[in-house]
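Novice: Not my notes, these are from Swiss-Prot:
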type	residues	note
BINDING	102, 105-106, 110, 112-115, 130-138, 142	5-phospho-alpha-D-ribose 1-diphosphate binding site
BINDING	102, 133	anthranilate 1 binding site
BINDING	114, 247	Mg(2+) 1 binding site
BINDING	188	anthranilate 2 binding site
BINDING	246, 247	Mg(2+) 2 binding site
């Protein structure tokens, strides 16, 4: 089936519409009573949050209430819709493109697999608009690594779109597009625990990709986030958790929930499904942004560790499947050939030259 670049839905009722019918206090009272709220109510709540309209105590209570009960896909989708409605604009292309991103917070301090995978995927002919931020749990998040490579984080939306057109890859720095996040940051820092904001990052790419490979920090999130992507209108996506990592893993089985035109299938993948050798998690240990830069520079020039190449190849292979290349073994081999050729590193150099 030919894939189209149908835009995930983000144009729904404005948050104020919900507030005309149901007061913010009523929404908060529902949360305090351990009740779920509708997508419209969640959109209204998070619209108020990113406009700075909630007191710190109200915000903290709402976030903890949702966390203790467990966030529902409609609630997460409503929050994402509010953030996307408030995001700075990005000139969305009409061709097929994807994001590859993780929630972070898995605590493994691994190398930047999804960032390396974005460059390899672009060298395989895909278009990747990667949404990223500073580190959540490791010593080096995607944006930390890009800075170490000399890639501009504050590239304009138009220049980023041009890079996507020309190089097949661009990076969108979350704080540049989501200004309202700042209103929640003090409370999030005080709470010192994961909240719904930890899973929102991968769902609010301002380019609104129709395809996505999203890693989550807990296996319990795999199915709910896939359900959320369905609500948001994604065309095809895979949500993964592998052996404690927010990535496709080669050291342990990977749990997958794949969304394909409104249908969700759950399954498990191992290194054998990709025709790859297994490697221990310790072989993927990362370091500072500068150390990770050196590791990935070596990898993307075809001179890296076998474990690093295999980890990236597995993730690129599943990403290729989302574009319609269904054979994971062939996809992994294609990714390895690109890695060994050094083509991916040329894209790093080209992107860093776009000052």
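The count begins at 1 with the first shown residue.
Cβ atoms are placed via backbone N, Cα and C, with glycine included.
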Novice: Does residue 114 (5-phospho-alpha-D-ribose 1-diphosphate binding site) have same-chain partners at least 6 apart in sequence with Cβ under 8 Å from its own Cβ, and which are they?
Specialist: 100, 101, 102, 130, 142, 213, 215, 247, 315
Novice: Which of the listed binding-site residues (131, 188) has the least company, meaning the fewest other Cβ atoms within 10 Å of its Cβ?
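Specialist: Among the binding-site residues 131, 188, the lowest count of other Cβ atoms within 10 Å belongs to 188.
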Novice: Out of 133, 188, 246, which of these binding-site residues is nearest residue 110 (5-phospho-alpha-D-ribose 1-diphosphate binding site) by C-alpha distance?
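Specialist: For residue 110 (5-phospho-alpha-D-ribose 1-diphosphate binding site), the spatially nearest of the binding-site residues is 246.
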Novice: Applying a 10 Å Cβ distance cut-off over all chains shown, what neighbour count does residue 247 (Mg(2+) 1 binding site) have?
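Specialist: Neighbour count, Cβ to Cβ under the 10 Å cut-off: 28.
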Novice: If you count the C-beta atoms lying within 10 Å of each candidate's C-beta, which of the binding-site residues 110, 133 ends up with the smallest number?
Specialist: 133
Novice: Give me the CA-CA distance between residue 133 (anthranilate 1 binding site) and residue 188 (anthranilate 2 binding site), in Å, as a whole number.
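Specialist: Approximately 16 Å lies between the Cα of residue 133 (anthranilate 1 binding site) and that of residue 188 (anthranilate 2 binding site).
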Novice: So for residue 102 (5-phospho-alpha-D-ribose 1-diphosphate binding site), how many other CB atoms are inside 10 Å of its CB?
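Specialist: Around residue 102 (5-phospho-alpha-D-ribose 1-diphosphate binding site), other Cβ atoms within 10 Å: 28.
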Novice: Could you say whether, by DSSP, residue 247 (Mg(2+) 1 binding site) belongs to a helix, a strand or a coil region?
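Specialist: Assignment for residue 247 (Mg(2+) 1 binding site) reads coil.
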Novice: Quick one: pull the CA-CA distance for the residue listed as 'anthranilate 2 binding site' versus residue 131 (5-phospho-alpha-D-ribose 1-diphosphate binding site), whole Å only.
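Specialist: Pair distance, Cα basis, whole Å: 20 Å.
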Novice: Using DSSP and collapsing to three states, where does residue 131 (5-phospho-alpha-D-ribose 1-diphosphate binding site) fall: helix, strand or coil?
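Specialist: The residue in question, residue 131 (5-phospho-alpha-D-ribose 1-diphosphate binding site), is strand (DSSP, three-state).
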Novice: Where does residue 114 (5-phospho-alpha-D-ribose 1-diphosphate binding site) sit by DSSP, helix, strand or coil?
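Specialist: Reduced to three states, the DSSP call for residue 114 (5-phospho-alpha-D-ribose 1-diphosphate binding site) is helix.
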